Amino acid sequence: MSVPKKRNHGKLPPSTKDVDDPSLKYTKAAPKCEQVAEHWLLQPLPEPESRYSFWVTIVTLLAFAARFYKIWYPKEVVFDEVHFGKFASYYLERSYFFDVHPPFAKMMIAFIGWLCGYDGSFKFDEIGYSYETHPAPYIAYRSFNAILGTLTVPIMFNTLKELNFRAITCAFASLLVAIDTAHVTETRLILLDAILIISIAATMYCYVRFYKCQLRQPFTWSWYIWLHATGLSLSFVISTKYVGVMTYSAIGFAAVVNLWQLLDIKAGLSLRQFMRHFSKRLNGLVLIPFVIYLFWFWVHFTVLNTSGPGDAFMSAEFQETLKDSPLSVDSKTVNYFDIITIKHQDTDAFLHSHLARYPQRYEDGRISSAGQQVTGYTHPDFNNQWEVLPPHGSDVGKGQAVLLNQHIRLRHVATDTYLLAHDVASPFYPTNEEITTVTLEEGDGELYPETLFAFQPLKKSDEGHVLKSKTVSFRLFHVDTSVALWTHNDELLPDWGFQQQEINGNKKVIDPSNNWVVDEIVNLDEVRKVYIPKVVKPLPFLKKWIETQKSMFEHNNKLSSEHPFASEPYSWPGSLSGVSFWTNGDEKKQIYFIGNIIGWWFQVISLAVFVGIIVADLITRHRGYYALNKMTREKLYGPLMFFFVSWCCHYFPFFLMARQKFLHHYLPAHLIACLFSGALWEVIFSDCKSLDLEKDEDISGASYERNPKVYVKPYTVFLVCVSCAVAWFFVYFSPLVYGDVSLSPSEVVSREWFDIELNFSK
């Protein structure tokens, strides 16, 4: 529901009832703005509409100019355009790839390429590759993100407008993003953050609109529209990057607080009415957004239906759903008496043996069997070959297929010995069994039970299915002692083991790291080598989605290695260091990702001031001193607290993450900090003092100033000074944003603030 068109510019119509009567809040009997506690949210704007239109046009044009200035430069691949340009090409070729981020934003970029008629032939392989010699619609890609980055600014403006802040406040807050060096750099390149940021901004805006509809009257058309618009925006956030969970936590916090208010007996709602509120929010903010999120994965799987570079990240079962999958082409039925190689899925190590033996005594004093070593070896080798043999007494003949969970024996071809597991401690794990081999005479004699194994299926329902190379995963299960063969690369064997991987018997049989696959059948005859086309196998969507999620989170958590431009979250609010995006050594030009340090430190100060005000207010009120008036406190504990909590939700979780972290991860929190900072200083430059320092204006019936005066002139001077400083920084650092100007070493050094390390400083 839009703000009423009739404007009284700060004057409230006369009230005939107590505006603070809690029983009137959130009820259909009280639709008018003067009958709710947050009446200032619903009252007319404090300034004429034309003033808002003027300022939103100005800041939007500034944002547009900043992002589209020389959008074509550099005509080379910059930073992570390597990844997201490449992914767009894979979508256009329908080649399956793997990435740790959800697909929505990547598909939007690919969609732009499709509209341009691009075929995806260029793969953006390295930073610095020329777009002139490798044609790609890079300007269209960049322009798409630049448009989104530009539109983020008016969305921010209108968010504060809906919260009834003055036009200059809305303009200032949005200016902090419009000419922020980090936002401009990130939203004019082929990256995901432009889509992420505008989705977060839209979420904030839509939720504010929804909340105002809630105050007027719930369950109207406008109420439903803005509820579901909030959910749609949330779905875009979570479908772009999983940091969208932080946005969910912010909106979730606000929704829970609101529901708690509705549950209050003073709200006048029955439990049935409350449950209606709860169910509508659950549906609009959680269930429908989750379905939309799943929809993008369905599109992702539908488009990427051909084998590609992402095959190796997925299971054999998943790969069989892809056209032209090498696994499907090379997959063969494993027969008894076949000579095979067996590969561990997690480490790509082959089951291997050689004539060298385990030492009689390990370094820690434990005793081994001194048997022949069985190790994991990551390279092709004759010693990786094993013959599959049936157990004694079996009538199985040559050429008969091996079935999952049948008892089998494995003969090591090179040393003519049987694979064996026994109750002797392994080299590194005293609780796990040693794996070795024994002679044919011993294996056919008293040690025979210890040579029996089975290719155990990962699912009970697959028992009895035919074993195939490449595509069927299994556990190599030891029948006698009930362990599964396992290897790892956490620590390699010492010199006596030739720095190869330990293989042992893991008592945790169903551990997913116990999975193996037959990699090759060595002794295939010509008849079996003939390729027989196979039908692409279907796999239920949810099964594909679950497997993809597991791989995404697993590989995301593995992004923990050191990176020269990685940084810790404590350094982000002050933008102490940045990231080198691109360099041109011949012309001494560079693009360096860094925040507008003046603007970012202004936000740090604003956050600190807010915390100080809140603490002081709580303490003084506890002592019976009511310094702040009612309207100031409603704004501090209303929209400002909402923005502050949202900032916390988007910032502090990064301290818990072990993966690589970069400055651009702070951009969502920075966006919210800009909204927060603009709103805070309007409150500070208002008449905040209560009418009577000894009376609590929050008590029902207490008199208070409904429209505290804003000291416009000093406030305007303050904002102009800060804006000029922010604009100066943007201009001064613009050579690092656009990379279009060669700086002398002294000019480079003059821009190395805090921990910034630039190229060409010497």
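Cβ atoms here come from the backbone N, Cα and C positions, even for glycine.
Here the structure is a predicted model, which means the values were calculated and not measured.
Judged by membrane topology as recorded in Swiss-Prot, Q217 sits across the membrane from T240. Segment annotation: Swiss-Prot labels transmembrane segment over residues 137-157 (candidates 137-157, 515-535, 662-682). Beyond the transmembrane segment (218-238), the same-chain residues lying 6 or more positions past its ends with a Cβ under 8 Å from any Cβ of the stretch are 1-2, 26, 28, 102, 104, 195-196, 199-200, 202-203, 206-207, 209-210, 244-245, 247-248, 251, 276-277, 280-281, 284-286, 288-290, 292-293. Through the fold, the transmembrane segment (190-210) approaches residues 1, 78-81, 84-85, 88, 101, 104-106, 108-109, 138, 141-142, 144-146, 148-149, 151-152, 155-156, 158-159, 162-163, 183, 223, 226-227, 229-230, 232-234, 236-237, 240-241, 243-244, 247, 251, 254, 639, 646, 650, 664, 667-668, 671-672, 675 of its own chain, all at least 6 residues removed from its boundaries and within a Cβ separation under 8 Å. In terms of C-beta pairs under 8 Å, the stretch of 54-74, 137-157, 167-187, 284-304 lying closest in packing to the transmembrane segment (594-614) is 167-187.
The stretch in closest packing with the transmembrane segment (284-304), judged by the count of Cβ pairs under 8 Å and taken from 54-74, 167-187, 243-263, 636-656, 717-737, is 243-263. Secondary structure counts, DSSP: the topological domain 'Lumenal' (211-217) has 6 helix, 0 strand, 1 coil. Long-range contacts of the topological domain 'Lumenal' (615-635) within the same chain: residues 37-38, 40, 679, 683, 686-698, 702, 704-708, each at least 6 residues beyond the stretch ends and with a Cβ under 8 Å from a Cβ of the stretch. DSSP places the residues of the domain 'MIR 2' (399-458) in helix, strand and coil in these numbers: 8 helix, 29 strand, 23 coil. Counting residues per DSSP class in helix, strand and coil order gives 6 helix, 0 strand, 19 coil for the topological domain 'Lumenal' (738-762). Taking Cβ pairs closer than 8 Å, the transmembrane segment (137-157) reaches residues 52, 55-56, 59-60, 62-64, 67-68, 71-72, 75, 81, 85, 88, 108-109, 112-113, 115-116, 118, 131, 170-171, 173-174, 177-178, 183-184, 186-191, 194-195, 197-198, 201-202, 205, 671, 674-675 in its own chain, all 6 or more past its ends.
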